[in-house]
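As given in Swiss-Prot:
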type    : residues         : note
DOMAIN  : 1-61             : domain 'TGS'
REGION  : 242-533          : region 'Catalytic'
BINDING : C333, H384, H510 : Zn(2+) binding site
Amino acid sequence: MPKITLPDGTKKVFEKAVTTLDIAKSIGAGLAKATIAGKVNNVLFDATLPIKNDSKVVIITSRDKEGIEIIRHSFAHLIGHAVKQIYPNIKMAIGPVIEDGFYYDIFSEYRFTPEDLIKIEERINQLIRKDYDVEVLQVSKQEAIKTFKERDEIFKLRIIEEIDEKDSINLYKHEEYIDMCRGPHVPNTRHLRHFKLLKLSGSYWRGDSKNESLQRIYGTAWSKEKDLTNYLKRIEEAEKRDHRKLGKKHSLFHIQEESPGMIFWHPNGWIIYQILEKYIREILRKNEYLEIKTPQAVDKSLWEKSGHWEKFRDDMFTTASENRTYAIKPMNCPCHIQVFNQGLKSYKDLPLRLAEFGSCHRNEPSGALHGLMRVRNFTQDDAHIFCTEEQIQEEVSTFIDLVFEVYNTFGFDEIIIKLSTRPEKRVGSEDIWDKSEEALTEALNNKNLKWELQPGEGAFYGPKIEFSLKDCLNRIWQCGTIQVDFSMPVRLDATFVDINNEKKSPVMLHRAILGSFERFIGILIEQYEAKFPIWLAPTQIILLSITERNIKKCIEFNNLLNTKGYRSKIDIRNEKIGYKIRESTLARIPLIGIVGDKEQELNSVTLRALDGSNLGIYELDNLFKLMNTLIEKKGRVD
């Protein structure tokens, strides 16, 4: 007689083993109809599996986050059901849930096309309209092997081989189709309505290029039609803003096969990069950072001593010369400690803030590379603060102000903050962990900031705070971080002389604001849709001549603007002015200055903004003042 305790404290006693669906029916028909699964003693559980013991039960519906994930996982199995009906000889690999959707990896000699995707989607629609029950079978390992041997599902058999003999395996029956999964899944396909298959891509079994090549079908699914519609609109908008497309269209950068994951910056893109670097350099100078430059290639002995060789060897690019092995640096921290170690340091020298625009290389898998967002060569706005335990809170507090100043400058006003605390495996005393976590917590609380705790998610060498941006499409980008490190200064013999004339190891704070220039520029391209604010725009103003009579004046104005330090261009082609305006607008130039007979006579320009609004006639001195005002505002939105 299991006693079931519901979230509101209500207790229900049943004569025999009971399912989540039975519990829902005992409450009401409407709830039973909406039930997708249960959470039994905090573990997700299929709605039709029996609960035999006293348990705390939460009924999961499509309104719950877990409910949406279960819907998506069930749709992945529907891909298998549909594809096996259309192409019986294909082999199913894995079909997990991912953010906002799901995918299924499939082995097939036949190459799927976009037309096949439409056909598969139509078949899924036919299947879900049948409202059939999804049956869950709990079987032994041997029974599972027998089931998938009969179906010649070689990838399922490989997965089963890794499962312990004692563990039971969940099989899910969609009519004639059988799949396996930890579950849970929906009890009936009536819960599966709002979905879309999105795209095809290639993959490898277990993500290893030495294994079989697979085809991946991506999809998304939601509990409501309006949520699906909104998501598809967001995808469409994201594709429009894709930094790879805009980078090519506006000649900002490119990547080519001969140098995967490494950026060829074009003049327009390099201007943005240099402006960003100049801005961060000014911020660092105002905050008393000392800029340094350290080598690209460093003998492996330093990486062995720092611990990176053991942990990150496979992610490093290496080279050899004169019987020595060098690693191209994947991060800057060990080199910054070498600079700190030059000369005796006193407590009076702390905090010491060393900054570098450090070019790093990491051998990321080729399949993970993605435009500017995931590269193999990147530049960090990296700095390391050497300080005492007592100085941690003040340094963290100052850095938080710095992060908000920079992000607000670019128009980002929603910043998500997460504090990660001590993991199970860690170095350092409990006392220093206590002090560090308290310092980070106090720094956040003293600023009345909203933040999220991530217990156990800190690095083995110290706690950290992560800062993420929310962009115009509500996507989250983790950029900034400040991380306490008790370990590396000790490993690399960094010391200072304290007030008692004793040698001590400093605490090192790893910190970055942008994360990497490449990724941050990628975020900016998509955030602004390449309509950069005037301070960042590769071309700030373009002057258009109306007739040949105005060409000389156009050139004169352009020379004056460039002499003053503005980034100005001219279009003096023998084309209609409307055509020139359209071309300049498509090029995303913030200001368009028109020079005709009237403007020539008044020694002025008629100014248009990128959005098409007419700003009026400006004499050059007033134009300079306007541009200065706009440039000073940077990316802020008034």
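From the backbone N, Cα and C atoms, a Cβ is placed for every residue, glycine too.
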Residue, out of the binding-site residues H384, H510, whose Cβ gathers the largest set of other Cβ atoms within 10 Å:
H384
Provide the number of Cβ atoms within 10 Å of the Cβ of C333 (Zn(2+) binding site), excluding the reference atom itself.
21
I want to verify one value. Collapsing DSSP to three states, which class is H384 (Zn(2+) binding site)?
strand
Secondary-structure category, per DSSP, in which C333 (Zn(2+) binding site) falls:
helix
What is the set of residues, excluding C333, H384, H510, whose C-beta falls within 8 angstroms of the centroid of the C-beta atoms at the Zn(2+) site?
M331, N332, H336, D382, A383, Q483, D485, M488, M508, L509, R511
